[in-house]
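Quick look at what TrEMBL lists:
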DOMAIN    75-136  domain 'Cation-transporting P-type ATPase N-terminal'
DOMAIN    193-292  domain 'P-type ATPase A'
TRANSMEM  120-139  transmembrane segment
TRANSMEM  151-173  transmembrane segment
TRANSMEM  314-334  transmembrane segment
TRANSMEM  354-378  transmembrane segment
Amino acid sequence: CRGALRHFACSFSVPGFLSGRFSACCRTINSMSKVAPALHNPKWPTMENLVKMMEEKDSSHLNLDKALPPAQSLAPMLDTDVMNGRTHTADDFRHRQSAFGANLVEERRLTTYWEFCKDALGDTTIQLLLVMSIISIVMESTVGDHKATGWIDGFAIMLTCAFVVNAGSIINFRKQALFAKLQDALKSGNLKRVIRDGVQIDIKDSEIVVGDIVCFNSVNLASIPADGLLVDGTDVKMDESALTGEPKLISKEPAGKDPYILAGTNAVSGSGKLLIVAVGPNSTAGKIAAAVYGKQEEGEDEGTPLENKLNGMVLKISNTGLALALIALIALLARGLPQRVEKDEGVAAFVVKAIMIAITVLAVAVPEGLPLAVTLALSISSNKMMKENNLVKILKSCETMGSATTICTDKTGTLTANRMTVRACFLGGEYILPSDYGISDTAGSILATKIPAATTKLIADLMAICTMDESFVQPPLAPGGWPVFKGNPTECALLICVRTLGHDYEQIRKETIGRSLETQKQGWSQIFSSARKMMSYAVPLGDGKWRLYV
């Protein structure tokens, strides 16, 4: 259960209502180069030297103490303590962002409403209809038989084109605005754990600055948000294939040859702490992102399969209509023009009428509303899906899902709330099953009444010690609410069980030598992995004796 891989399947949505605030579509995020003039502490290394160190994986540029691991030598230069982190003040945060940049990369400018309209006007069918409407208005108003009202037909065609252009642009603009809002929500929900003033707090990636101590592990804090040096870690192995293309796992050690951990990589084994030295466009992943931002997203402006087929059909029908209109024009002129030329009677009026008949044939043949009808139908479908919290970014996914017969999805955190509870156990010769207690009770509270207190204490020690620091439980946000889980949900369920057994997991961790933050180096841990299917933690008992919790 703890080792299950969690696949986060996301489909992104389109519609909402056009807000009218078209200026909001030009949304940019300031990168490092757009911050205020640097308030650089003379004690701090220069940004250039930090970036060069990470690029070359060589700390000689900074004149570090070679007797210490690079992170421990660099931390005092950045006014950071490797155990307690940096000072958590607004001024310190502002100075570091000014000197080293923000952990943001300038994003691609969003398309404006008028640019969507311009793209829609590039459609061949729309252009053809507009040309016909202009010709109709000019000829009917100048040489037609009904000059006062002749312009109405051409104007009606023009209004139809305007409706098609604006309807498509509104749908695309709504889709873009909603997806941008979704991206912002995803960014705000993507939290990392840092240590500041000795306290672990969860912050957004954009709030990380140079000098922060970031906690990571291979279970639920695997992605690395910025470049840094490994401060401390156990069995840390990184997957750098996203940057190098090599599938080989890279071992990292604080005092080893390669303590350099790059943004965009993932921890696949172990846990550790990272001293951040390069953020945003100065980090490895930031440079790559900066290079690709502004390029068109794959599939973003591609039509749906049905739309492409309909557009092809419309083009064939339009070509056929154009051919028939030309045939009708030639036939009418060939039949009636010679007689009127001989008699010199109404030649101009006859030619205008013949042209108008040909234009009418062409206008009737062009099914300009068919692609729009499909777009509106898919838009309505995506709106209904959005009401059920299923957001769709690309409309063609609606067509694909419409023909799906089987959907394979992850369960934990996707179909469920990812909030676990200890429901059954076998301890001290006692079976505790869900059927043995009511919905308001827990397995821990029942177990505490059936086994000796010494055994209860030993089990509580096991669950408190043999869980990661990144896993803890916070009080409910509202009276009567659920406790807030932070970290691995399975471990949080075990920590709740410790409380129901009548013990405090935080106190156990602080009082255990080899497990508390101050004495952690005296212990030994092996983090949980899907390969081992267990976690181990050894703590000294004194007199050369050890106790191993598994």
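Each position is counted from 1, following the chain as shown.
Yeah, the Cβs are placed from backbone N, Cα and C, and that goes for glycine too.
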Tally of residues which DSSP labels helix, strand or coil - the domain 'P-type ATPase A' (193-292): 19 helix, 48 strand, 33 coil
Beyond the flanks of the transmembrane segment (314-334) by 6 or more, those residues with Cβ under 8 Å of it: 124-125, 128, 351, 354-355, 357-359, 361-362, 364-368, 370-371
Counts by DSSP class (helix H/G/I, strand E/B, coil) across the domain 'Cation-transporting P-type ATPase N-terminal' (75-136): 37 helix, 3 strand, 22 coil
